[in-house]
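Inspection log for the structure reproduced underneath, given as structure tokens.
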Amino acid sequence: MATGAANVESPQSLPLRLLGRVALVTGGSSGIGESIVLLFRKHGAKVCIADVQDNQGQRLCETLGGSSDIAFCHCDVTIEDDVKRAVDFTVDKFGTLDIMVNNAGVSGPPCPDIRDFELSAFDRVFDINVRGVFIGMKHAARIMIPAKKGSIISISSVASTMGGLGPHAYTGSKHAVLGLTKNVAAELGKHGIRVNCVSPYAVATSLALAHLPEAERTEDTWDDFRRFVADNANLQGVELTMEDVANAVVFLASDEARYVSGMNLMVDGGFTSTNHALQVFRP
């Protein structure tokens, strides 16, 4: 007698959701960007990694077997010529650009007192997190508009929708990424181009460690961070991973999201939908 389980596809038989697509991932050499690159390749995409971390980018290409479907290009997202060159390199190598992932970002130095915040540090965060995203959108659009299709995805944060989760520059920059996402989606919709962003809750990466309060730190900062994040999470019993964020990006890049644009996809376990101060449902 047949059962429902007999109709469930094994992981090996699941469709490659990005087969034949060409993607460019900024900040793709490490952290969330690396996870996105790995999952894109798993789903059949050809990928160009754009990063300032040359050694790590080359290492990742070698990890993926040195395939002709993976490439690295040095790119500082604050320099428009670098981004233009990375986009053109991708098109020259793979023939087109279907997916642009603006992942490169920094959190900036912790600074609990606005009176002490150095403007040079503020400017650096905005240069990378906002200017870099805008330049990526601009040059992706340059290729995608004539093709009348494409998907632009930017990595934002839960700090895109609420305050008190990070330094002023970081929070302001992530609000700006959300604003750019909505506005660019409004312009590019007529060209068949989708523009979205992904806003995860805290993930254990070197970038995120800067957000851990000094009072919560011991000798093992990674464990401290994971414990702090778990204690403040809304969804319990599940730890957010870089792969979870990458899965959200794959969804937005795929045809499964073909009518999704202007969206801020929250990968936060309901964190931003909860008033943590009231704690109405806490025992």
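Positions of Cβ are set from backbone N, Cα and C atoms, glycine also.
Taking all protein chains in view, 30 other C-beta atoms sit within 10 angstroms of the C-beta of SER157 (active site, proton donor). Summarising the annotation, Swiss-Prot assigns active site, proton donor to SER157 and lists similarity to another entry as the type of evidence.
Of all Cβ atoms in the shown protein chains, 25 besides its own fall within 10 Å of the Cβ of TYR170 (active site, proton acceptor). TYR170 (active site, proton acceptor) carries a helical DSSP state (H, G or I). Marked as active site, proton acceptor by Swiss-Prot: TYR170.
Feature annotation from Swiss-Prot assigns active site, proton donor/acceptor to LYS174.
Positions annotated as NAD(+) binding site by Swiss-Prot: 27-33, ASP51, 76-77, 103-105, TYR170, LYS174, THR205. According to DSSP, GLY105 (NAD(+) binding site) is assigned to coil rather than to any helix or strand.
With respect to their backbone Cα atoms, LYS174 (active site, proton donor/acceptor) and GLY105 (NAD(+) binding site) stand 10 Å from each other. Between the listed recorded positions, namely SER29, ASP76, GLY105, LYS174, the fewest other CB atoms within 10 angstroms of a CB are found at ASP76. Look at GLY27 (NAD(+) binding site): DSSP puts it in coil.
Separation of the C-alpha atoms of GLY33 (NAD(+) binding site) and SER157 (active site, proton donor): 14 Å, rounded to the nearest whole number.
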